[in-house]
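Reading through the structure tokens given below for one structure.
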Amino acid sequence: MPDLQAGQRPAFVAMLPWLVLAAAVMGLDQLTKQVVLATMQYGEVIPVTGFFDLVLVFNRGAAFSFLAEHSGWQRWFFTGLAVVICGWLLALMHQHREERLLPAAFALIIGGAIGNVVDRLLHGAVVDFLYFHAGRYGWPAFNLADSAITLGVGLMLWAQLRAGKHKPEAGPERPS
């Protein structure tokens, strides 16, 4: 067993809450998508409020349907990219496992990314169904996974901004 400093937990124990959060995000994302797939037809719109609708669409590209019009290679490209990014974020989560904000951010991104990877593998595209609009202007439809990824990136940025405020400022360099 590796030597642990006083008050330090084993890596798996320290990462467990964040891994559970990632799994919960992925599970909730997939549950909501299964409900939508079971109850809606492709392209069907269910108005909820004057600015929010449920609409079932399939996104073969990335954010904002980037590369969606291509022949299908992007399915495997975005799947591979998500797997690589999740691996990198797991390594960062391990590195920052005793913190709170960064591992939570990484967990949200990982859970969302895996949720969308599952879609690409099962459906060949990501299932989107949340649509916000104002009059004729609308935001592209998205899903819970996309929301978790966005929230995770926002938390990462916030953590970095907070960390920058706590660093002592370096004085001017003096020539030797």
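Keep in mind that glycine also has a Cβ here, set from the backbone N, Cα and C atoms.
The transmembrane segment annotation in Swiss-Prot covers 11-31 (among others). Sequence-distant neighbours of the transmembrane segment (11-31) (same chain, 6+ residues past either end, Cβ-Cβ under 8 Å): 93-94, 97-98, 103-104, 106-108, 110-112, 114-116, 118, 143-145, 148.
The annotation transmembrane segment is assigned in Swiss-Prot to 38-58 (among others).
Annotation source Swiss-Prot lists transmembrane segment at 76-96 (among others).
Annotation source Swiss-Prot lists transmembrane segment at 101-121 (among others), citing sequence analysis.
Sequence annotations record features per position, and here Swiss-Prot assigns active site to D128 (among others). Secondary structure at D128 (active site), taken from DSSP and collapsed to helix, strand or coil, is strand.
Using a Cβ-Cβ cut-off under 8 Å and counting only residues 6 or more beyond its ends in the same chain, the transmembrane segment (139-159) has close neighbours at 25-26, 28-29, 32-33, 55, 57, 59, 63-65, 101-102, 104-109, 111-113, 115-116, 119, 126-133. Annotated transmembrane segment per Swiss-Prot: 139-159 (among others), in sequence order, evidence recorded as sequence analysis.
What Swiss-Prot records for D146 (among others) is active site.
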Same-chain residues at least 6 beyond the ends of the transmembrane segment (101-121) whose Cβ lies under 8 Å from its Cβ atoms: 15, 18-19, 21-26, 29-30, 33, 75, 78-79, 82-83, 85-86, 89-90, 92-93, 127, 143-149, 151-156, 158-159, 162
Length of the line joining the Cα atoms of D128 (active site) and D146 (active site), in Å: 9
Tertiary contacts of the transmembrane segment (76-96), as residues 6+ beyond its ends and Cβ separation under 8 Å: 11, 15, 18, 61-62, 102-103, 106-107, 109-110, 113-114, 116-117, 120-121
Structural state of D146 (active site), classified by DSSP into three states: helix
Local Cβ density at D146 (active site) - other Cβ atoms counted within 10 Å: 21
